[in-house]
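Summarising the annotation, TrEMBL assigns Fe cation binding site to 121, 163, 167. What TrEMBL lists as active site is 164.
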């Protein structure tokens, strides 16, 4: 019993001492076969490699200024996504939230109502598309502590989740766009945002 306790303590200490430093990972681009695979469930959330992967995804997402990332995008065919909504130049009205890791996520219910909204993707650079998504969803997942969770997500956060969940099923947002007329370049998207901002300013002045 004592030996086992000492071994456990040593393992915990060594995990902290020798924990590799998290770094930004390269994001796979459209055309890479990994982005078309169905991701596999994670069986051991506490595994050191899984925890390290979560940390590296968080760093990658932050440095890329993205709002979501799925494990297949960085070359790991695993059911793991990060949702991290925050206002930025691409999504100025996005709500602020703490970056959250969702392991083996599932959509268990959704609204009938859908809504089109602009989406982009770190794996599909310089292109934006109007994508229909459910406005409200209920999801279940395992958090990084290994606890089963349920959550109701709405509007933009629900959109992020559905976008990342698609990656786990080998899909990208281009597969959801209903017509080529709903696709624009990043430059044109920024023009659209600028016009919308000017209209909003005119209405409030």
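The backbone N, Cα and C atoms fix where each Cβ goes, glycine too.
Worth saying up front: this structure is predicted, and the values here are computed from it rather than measured.
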- Item | Distance, residue 121 (Fe cation binding site) to residue 164 (active site) (CA atoms, angstrom) | 9
- Query: If you count Cβ atoms within 10 Å of the Cβ of residue 121 (Fe cation binding site), leaving out that atom itself, what do you get?
  - Reply: 25
- Message: Neighbours of the Fe cation site 121, 163, 167: Cβ within 8 Å of the Cβ centroid, same chain, sequence order.
- Response: 68, 70, 73, 119, 122, 123, 164, 166, 172, 173
- Message: Excluding near sequence neighbours, so keeping only residues 6 or more apart in the same chain, what lies with its CB under 8 A of residue 167 (Fe cation binding site)?
- Response: 35, 39, 70, 72, 73, 81, 123
- According to DSSP, residue 163 (Fe cation binding site) sits in helix
